[in-house]
Amino acid sequence: MLQQQPLHNDPYISVPSLLSRLDFQTREDYFEMAKLCEQAEHYQEMNYCMCMMAIRYSTIQEFTSDENHLLSVSFSRQIADRRSSLRSLAHKLYSTSQQAREHALVCNYFHKIENELEHVCQQVFHILENYLIPNSSQIENQVFYYKMLGDYCRYLLEVKSITLDGIDVKQKGLDSYSTALTMAQKGLSPFSLSRLGLVLNYCVFMYEMCRKPLMAIQMAQKACDEAQQALEDQQPLDASTVKAAKSVMQLLKDNVAFFIQESEIDPDEL
């Protein structure tokens with residue numbers, strides 16, 4: 001396996017130096033190396049493996065749930081580090097007690113991390129829209145990918161303007177979540193973790209990015225009501241399934257309470 005890795009032509013994917021001399025010959029090679037990279041907490045290398053799996057093999061066979069999980073983790077750990085860094089620097093960036101040179105250094109470093117976050121989001125859009133979504137037919141996968149698109153639109157909107165390369169990122173996020181929800185409502189149970197998790201993130205997007213607390217509240221309440229009814233109608237169910245669904249339902253209820261309190265909405269008007 002210690003041979004020169006053949007170059008590929010995808011401009012969004014660069015070969016990490018630690019993997020540059022490895023010859024990945026099968027889908028399983030990428031998958032196993034991605035798992036090793038996760039254990040070593042080398043998320044850039046992990047991400048490279050999963051992106052190359054998508055580029056080379058998504059037309060042959062859809063990703064499994066385990067492969068989707070690794071793909072998601074490889075991106076989420078990279079984005080989480082940068083979101084955390086930006087939050088840490090934000091207070092210092094807007095502090096009025098800094099000297100001009102110190103402020104310039106903080107500002108430049110802040111924008112460097114912003115650009116890194118933007119690059120990760122663009123990678124997500126590229127891999128999902130060009131490889132995984134066009135080659136997926138399973139409802140579970142389609143919901144997963146469109147939700148992921150919406151999530152990374154939100155991360156981008158937290159730090160960048162509402163347009164990117166001429167694309168309205170907020171509208172892209174709305175369209176992605178809406179598409180995912182339409183698919184989930186047609187093909188997934190109301191207490192499906194994929195469907196509940198989608199609504200959980202969609203509500204946050206509506207509240208934080210679109211400034212529409214009432215719509216966020218109504219969406220969350222509807223999802224909880226439908227899930228509760230489905231749980232009652234489809235007993236008996238696996239105990240772990242019920243526990244996991246109720247855990248996400250509680251998060252939705254917590255969000256509703258928070259949205260009502262922060263928006264000063266009269267609960268009687270809902």
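Cβ atoms here come from the backbone N, Cα and C positions, even for glycine.
Unlike curated entries, TrEMBL annotations are predicted automatically.
Here is what TrEMBL records for this protein:
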DOMAIN    27-270  domain '14-3-3'
SITE      Arg83  site 'Interaction with phosphoserine on interacting protein'
SITE      Arg154  site 'Interaction with phosphoserine on interacting protein'
Position of peak Cβ density within 10 Å, selected from the recorded sites Arg83, Arg154: Arg154
Cα separation, Arg154 (site 'Interaction with phosphoserine on interacting protein') to Arg83 (site 'Interaction with phosphoserine on interacting protein') (Å, whole number): 11
